[in-house]
Structure formats: structure tokens, C-alpha cells
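Residues or ranges marked as transmembrane segment by TrEMBL: 6-30, 95-115, 149-169, 362-386, 406-427, 454-475, 553-585, 611-628, 634-652. What TrEMBL lists as domain 'CSC1/OSCA1-like N-terminal transmembrane' is 9-170. TrEMBL lists 191-349 with the feature domain 'CSC1/OSCA1-like cytosolic'. As annotated by TrEMBL, coiled coil applies to 235-305. Per TrEMBL, the feature domain 'CSC1/OSCA1-like 7TM region' maps to 360-626.
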Amino acid sequence: MTATDVSGLVTSAIINVAIIIGCFALFSVFRKQPGNEYLYFAHEISHEKKKAALSGRFTLHRIIPSASWVKKAWSFSEEEILESSGLDAVVLSRIFLFCIRFFGICTIAGIFILMPVNYIQGDVDISTIGNDALDQFSIANITNGSNRLWVHFSVLYCVSFLAYGLLYMEYNYISRMRIHFLQTRRPQLDQYTVLVRAIPKSKEKSVSEQVEEFFSAYHPHTYLLQHTVLADTKIQQMLSKAQFLAREIEALKSVPPIHRHPQRTRFWGLYGRKEDPLELYSKEIEELMKIMKETQMQMAQGSKELPVAFVSFKSRWGAAAAAQTQQASNPLQWVTDWAPEPRDVNWSNLLIPYRQVWIRRLVIGVVFVCIILLFFIPAALVYTLAKLDNLMTWFPFIQTVLSIPVVSSFLSGYLPSLLLTILYYFVPPLMMSFTKVEGYASYSTEERATAGKVFLFLVGNSFFLVTYGSLLSLINQAIDSPRQIPNLLAASLPGQSNFFMNFIMTKGWTGLATETLQPFTIISDCFLRHLLGKKLYGPQVQSLSYFRVLPNILLFVFIGFTYTILAPLLLPFLMVYLVMGYIVFRNQVMNMYEPSYETGGQYWPHVHNRVVGSLFLMQLIGVGIFGVKDKAAASSASIPLLVITLIFNYYCNMRFRPIFKYLPVQVCLLYSHKPSCSTMSHVH
């Protein structure tokens, strides 16, 4: 790391800290304003735990930033989060808690053990720090064959077994929480219902008759009723609009007429006569309900039945027996799975024939790989900005500008990570659009699949691109000598720690600060209110986008594992992100985000597998770094860790994964409650 790199890092830190302080200060002020309570406390207001103030006497307290929200977010208990936001929100909090514990210990070991060992190597003047190289604190400063590498070897083993212990305890803890959640959760209709797809076609019988006959024959003692899905999704769109109007009407009832903003009746309120919003929304919902009834009658008379049905059973055991077994000799017919919650059902995807699903997923897999390769081009262009030598070579005419210290520090430190952050902002919605084509029956499954795609994309682009400079270089070297991949990683990674420190600050720290402020929502609200004259009175309910949040967390965890042994100076930057994330998201799930579904903690197995993958790569790099440093004995002695990691992951998946995939019979038989036919019919 040269002096330019150090100054770039300092410049990036100053800019990011200034943005963070500004965002947190604005957030603490904005959340006190009566007009913003429906955004920053939407969750509490929707659950009637907090009442929004319509107006109030101005006080100085409203415009003075404070950190009281930090203390409150930190003090929330898991029981409160579970009751208010569900087990998925608890799992998100536990992910941060696990990372804080693990990387907290790694940071202590890195600062007090590895960094002194890396630095105390030969005759080095401490005054050179910051002038010549912070790489003196990385493993790159250790001379080849040095016995100091045994310290790194010991830390690698200790850190690996620490990860095994913490991961096992976390998996065990969340598994027990899931079992307890399933046992104590109030009986829901989806617990008694199975989604059936790929129902065979019949010329003589309708789909409803087929389903009735099949489940009456093969599940005679537990089958209750069925409801086939019709080829029309208009009713769901109208239902969503009706829910929004009902929420606004409920809020407007408590608003005095003098505080209501009259709205125009035509095209987004741009023109037409002005009318009281309560009267306007009441008329709209009446018309909408009338249209919904007419649509339901038309659907019942003429809509085509899809080969999809929701089948309900008299007991949870009966539903489990149907959902978790193969129904027909042909596994591609009468395919059953647990029915999603009513709010989690992706009705449009149920229109997709089941026989097309595997083809769609295969095609999307190929497209996904192509998109990763194509994104290497803009990402590589962005990364070249971090290399001032490249800029001077490509653009000789800007050498005078680059000679200015502030400009060169900005270009080499902050700008590349900023541009990469902006570029990656559009990746999650792009991946979600691909996942929607694959035909998943629930939004929660879509989000889990999308989170996996985004994580692979971010790791492939932001990590291996920076490490190797180009994908072609990686492919060529891997083809020429696959066994050299660990050595290639070990040789390339230490010198890139500066870039990842900047990246953690820009994408991580600043990203969390903007998450609290919600600038896009604030701007859109101002646009509606001041330009269109349309004010929203009900809580602006949003759901937490796990497919955006989890990949970012796991990317930084991946980077942290990679540099724990190589460059421990990166770990304090990561710890700041983790502590900030722990506080910010606890505040968001308790105050702002409303869960749009509940999976019962099914995100954790995916998180566990990716953390184990990061651990495996850390150990693989350890094997390579000891080989590069001519310490063959340490390199060979590190190989057993790879085997232990694979065994550990296999055992955890064997021991805990079925709990998240299947419903145990012990849980099924806890309830004697049986849903009535009328209730089931009404909900479906």
C-alpha cells in the first residue's frame, strides 16, 4: 500500500464519515416531525402501538439531532422482535450478532497478535507508517520461510474452530427457536393446506372433480376440501388496491376536515375537480368492491381452471403427510408442497405450467452466468480508476490534475468504491426479475433464490475481479494449473485490502446510514405532496427486502473471512459495519418495516452454507499463502482443515436442515383444532 493508497483511504474515510453523520443527524430530526411518522413508525402505527400526531406546537427538540433511537434499538429483546416482526426478523438480528462475536474475537487476535508479528520483521522505522506502506501490517511483510508464519498457522486453526463452535451453537439455537415458534404459533390456515401442481389433464372431468376424487381416495380420513385456481389474477390486483384505500380511509377518519388536502379526481390528481380525500376514497373503494364482485361472478362462470389447487386437511398431520410425500408414481404429476401463507402466494406464477418450470430455471441459469460475465466489463472499468498509473497511461492530458493530492486521493480512494456501489445497486432488482420468470409459487421462495443469485454475483464481480483484474486471467491460470489457484489467491489478495476497506466504508457504512434515512421514499413523498398535491394519510407500509440486505451482509462476511489472516487491519472496518447494521436493522424492523410473510427462520440454512463457504475459502487461501511463503509444512498441515470444514457442514445439514425443510410429526400432533369447511372456503 503506497502513500497514495493511504491518503486515498483517509480521504474515503473522511467523506463516508461525514455522509454518515449527516444522514444520522437528518434521520433523528426527520423522525420527530409529525408529517414523517407514517414513514419512520409505519410498523408501530399499523399495529396501533403508536399514534401519529397530526400537528403540534413547535419545539426546539424537534430540530436538534439526538441518538436516543440508538439506545432504544439496542435495548429491544428477541421476544419483542419475535412478537412484533416474526422469526425472520430475529434471524436477521442473530446473523449480525453471530458476526459481531466471531469477528470481534478475530479483530482482537488480529490487532494484538497478527499485526505486531507482521510488522516486527527486520529493521523497519516506525516513522515510515503512512509514508511507505501499511502492507507492513499484512502477511505480505513476512519474509519467505519465516518461523513467524507458524503464528498465522495457529491463528488459522483457532479461528476455524471458533467458527465451528459459534456456527453450531447458532444453528442449534435457531433450530430450537423454529421448533418453539411452530409449536406456539396460533394455528394458521396454511398449516392445514397443501399446494398441488401438475394435475393431469382429463377430458371427462374438471380439475375440481379430479382433485376431489384423488384426495378422497388416497387421503380419505384427513382430506377436508379443495379449491382450484382460476386463470385470472385481476382480483389480486384489485384486492391490493382495496387494502391501500381501506388503510387511507381508516387514517382519514381521525383527521379533522380542516387538515385534509382536497385532491383532484383525474389522472394522479393532475386535473379534474377537487374533492375531499375521505369522500373520494370511499367512492373509489365502493366502486372497486362492486367490480370485484362482478369479476368473481364472471370467474366462477367462465374462467378456465388451472391444473393447480389448494387442498385443505382436517389436521396438521394430514397436511404434512400430503405435503411431504410423493403422491403419484410419476413424480412430475400431482406435485405437492406446503401452501404459502395467503399473503405470500405469487398468484401470477401459478399460471405457469409446472412442466415449464425446470426449463425456465435452466435458461435463467445460463442467462445468469452470461450477466455475470457481461458485468465484468463495467466493473473492470470502474476498478481501473483505483489505479492512477492506468489513468495516466490512458489519459495523459489529466496528469496535471492528478498531481493535486486531494484529487488523486479522491480518485484512488473514494470514487472507485462509490461507482461500484452505484453499479451494484441495480443488481438485486435485476436478479429478482430473473427469478420471477422461474415460476416460484411464493414471494418468500423468490427472495431466497434471488438472495443466492445476488450473493454469487457480488462475490464474482467485486471479489475475484479485484483480485485478478480480469476474468480471463483467472480462467487462463486455472486451466493451465488448477492446483495453483490457492497460491494465486494468496499472492493476489494481500495487496487489495485497501480497496476492500474503501468498499466496506462506502457500500457498508454509508449504505446503512441511507437505509435509516430512506431518501427515495422522502423524495417521492415530497413529489406527491407538493407537485401532485396528493398526500398519503395512512402508514407507508414497506417490507424488508431480504434479497437486498442478506447478500450485502454475506459479501462483507466473505471479505472478512478472506482477510482475517492476510490483512487483519481490515477487520476494524468490518466491525464498525456489523455494529451499525445490528442497531440500524433492529430499529427498522421494529419501527418501519412490516413483514409481508413469515418463513419461520428458513433464511438461516442459506446463510450458514454461505458462511461455511467463506470459511472454506479462508482455509484454502491459508494453504496457498503458506505455500507462497515457502512454508511447506504449514501449508500441508492446513489441508486437514478443509476436510474438517466439509465434514462439519455435512453434519450440520444432516442434523439441522430437515427441521427447516419438513414439519416434524411431534409438532403436527400438538393441536387438536380442526378448521371448518366454511372457514377454509372463505379464505381460499
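Each Cβ is built from the backbone N, Cα and C atoms, and glycine gets one as well.
Unlike curated records, TrEMBL annotations are generated automatically.
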Intrachain residues whose Cβ lies under 8 Å of the transmembrane segment (634-652), provided they are six or more past its termini: 149-150, 152-153, 156-157, 160, 164, 167-168, 171, 608-609, 612, 615-616, 619-620, 622-624, 626-627
Recorded stretches the transmembrane segment (149-169) and the transmembrane segment (95-115) touching, at least 3 CB pairs under 8 Å: yes
Beyond the flanks of the transmembrane segment (95-115) by 6 or more, those residues with Cβ under 8 Å of it: 137, 139, 151-152, 155, 158-159, 162-163, 166-167, 170, 550, 553, 557, 560, 564-565, 568-569, 571-572, 574-575, 578-579, 581-582, 585, 604, 607
Overall pLDDT of the coiled coil (235-305), taken as the mean: 72
Beyond the flanks of the transmembrane segment (553-585) by 6 or more, those residues with Cβ under 8 Å of it: 70, 73-74, 92-93, 95-97, 99-100, 103-104, 106-107, 109-111, 114-115, 134, 137-140, 152, 155-156, 159, 455, 458-459, 462-463, 490, 493-494, 497, 500-501, 503-505, 508-509, 512-513, 515-516, 544, 607, 610-611, 613-615, 617-618, 621-622, 625
